Amino acid sequence: MAELQQTPTPLCCCRKSLPVTRPWCVGDSTRPSAVPGPGSPQCPLVDVASASNFSCFQLQHFHLDLRLNFAVKEMSGWLVLDLIPIQMGNHILVLDSHPSLLIHSIDCKVPRSGQEEPVSLTYRIDPFTDYGSSLNISLPAAAVKPGRLIEITIRYTTTDGPAIWWLDSELTCGQSRPLVFTQGHSVCNRSFFPCFDTPAVKSTYTATVRVPDGVTVLMSASRSAYSKQDRVFQFSMEFPVPSYLVALVAGELQHVDVGPRSRVWAEPCLLSCAVKKLGGSVEHWLGVAEDLFGPYLWGRCDIVFLPPSFPIVAMENPCLTFIIASILESSEFLLIDVIHEIAHGWFGNTVTNATWEEMWLSEGLATYAQRRITTEAYGEAFTCLETVVRLDALHRQLRLLGDNNPVSKLQVKFEPGVNPSSLMNLFTYEKGFCFVSYLSKLCGDIHRFDHFLRDYISKFKFKSVVAQDLIDYFLGYFPELQGAAVAQREGLEFERWLSGCGPPLYEPDLSGGDPLIQPVQDLCDLWRNIECPDLQTVTSFDLSVWSTFQIVLFLDRMLDHSPLPHGDVANTIGRTNCYSTLFDGLNAEVQIRWLQMVVRNTFYPDLPRVQAFLHKHVRARQHSLWLSYFFSLKIK
């Protein structure tokens, strides 16, 4: 997942049928043996972000049957859960739910038991946290037997929940028809359908969705079909996925194939631009990733571009990445974000973090994989430059939060009631990336580490893991490192990496990016160290030939030292007139940084651009908040 980037604390930011086995339990004795590591988990796994009793049942499959009503902004229908009780004496099923879900009825059937009619069940809804509630369902004692399948059907209606975003037509890009999409990460999908809303549980699913005429429905599924006469879409996801990766979008959407297994979806007004920007790149990136990490297991790799109301940059929903349309303004950011979501096809989707307390297992590994892909496809210098931009942002965030802030840990221990989504930060991505880079350095050969990651995916595919699983497998894969006790190396102990606060204990060598980075630093030094920079010297740097990441790095480092030293800075900026003219024609990532420079350095001629930018890019209800934020920046 890629988060929206907001200065001053930017964030990095969506098949063949397999048998479904019992829920995979962390700490399984069948795993490769290695020296005991810190905090080795014990069964059953506890997920404090879930109210459900997921460890008591095996979820084999679920089916959604929904009708979309755009007029009243509701989804209504039913959910069928195929469950197998794991132990005797458990007659209560607890699911994650949300106050925005209106439960109408719940019943139970036992297939092939001779019971023809479903049995109506009693249930109770209890508060859990501010992001959900618990749905407690009483099961018939006679029906609940370990190993015997039961079918639970829940009829319900959704209202205005955090997972479901209804957009009136004027909020879409084309402004002609309304649109709805869902966003399940991290714990939002409990307001889409009752579920075991934890990444520890994976299952296959199917869905039937009924819509008004002229509406196209897409889901994060491997197969789909459409009956035009009945206006019914049918979907099937044949590989097990956690609840947060179930996603839906419906509206006026069209597509163009851009490769043998990828197509681009968008509103008609965006489609040609999106296709032009991506071209045949998706298949190229997939091929590079497969060479590094093994086969892409999900079949389809489609992309749907969503209106600016999409709350994050991109989401790695299997088979169908969701991505914000405004990213089309920047080819480089589009490239990075799409490759990052492709990397999640291996790291995050195929092998998933078992709890949100170790989200870095998805985001840190995906970031490392993303950079291996870009290095192979675009060279070391490009990747090093992008990495420097992100690591600069990481250290900027550390300066704001302090080195002892617990959110800087890789293993963040959630207190009950804390929303995991609120703790998405750069440490998850960049400190996680640095730890994976350190593991790569330990094995001494980056290509040897590629083979390790390929085998890691093969070993744990379609399972959920904790950090100790990765570490144990790493040490078992490289016995010479285990013998050298690298996990206890002073100052770089794995335990300190995982549970220690502060900056990464190791950062990779990024000197390969110096040809692109040094000119940026030279210009920054010119502005920062001289009261009134010489106009001729300033204009000798031709920013029009710089890449987007070079300009972003320049502005970020200038912002770190703004307001600039006293002198005729505003006059120099005005006389050059190059920055305003150049940046005004570039993407939002550049503009938002330049406009903060304008405010912090009180460059009055460009102040009207601030309000114009906010009017274009920010939803109306946030406009005044952001305007106040911008004009507070002049206070150091």
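FYI, residue positions are counted from 1 along the chain as it appears here.
Including glycine, each Cβ sits where the backbone N, Cα and C put it.
Note that TrEMBL annotation is computational and uncurated.
Listed features, source TrEMBL:
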BINDING   HIS340, HIS344, GLU363  Zn(2+) binding site
ACT_SITE  GLU341  active site, proton acceptor
ACT_SITE  TYR429  active site, proton donor
DOMAIN    515-625  domain 'Peptidase M1 leukotriene A4 hydrolase/aminopeptidase C-terminal'
Pick from GLU341, GLU363: which of these recorded positions has the biggest number of other Cβ atoms within 10 Å of its Cβ?
GLU363
Shell of the Zn(2+) site beyond HIS340, HIS344, GLU363, same chain only (C-beta within 8 angstroms of their C-beta centre):
MET1, ALA2, GLU316, GLU341, ALA343, PHE347, GLY348, SER362, ALA366, THR367, ALA369, GLN370, TYR429
What average pLDDT does the predicted model assign to the domain 'Peptidase M1 leukotriene A4 hydrolase/aminopeptidase C-terminal' (515-625)?
80
Go through the recorded positions HIS340, GLU341, HIS344, GLU363 and tell me which ones have a CA within 10 A of the CA of TYR429 (active site, proton donor).
GLU363
Please report the Cα separation of the residue listed as 'active site, proton acceptor' and GLU363 (Zn(2+) binding site) in Å, rounded to an integer.
10
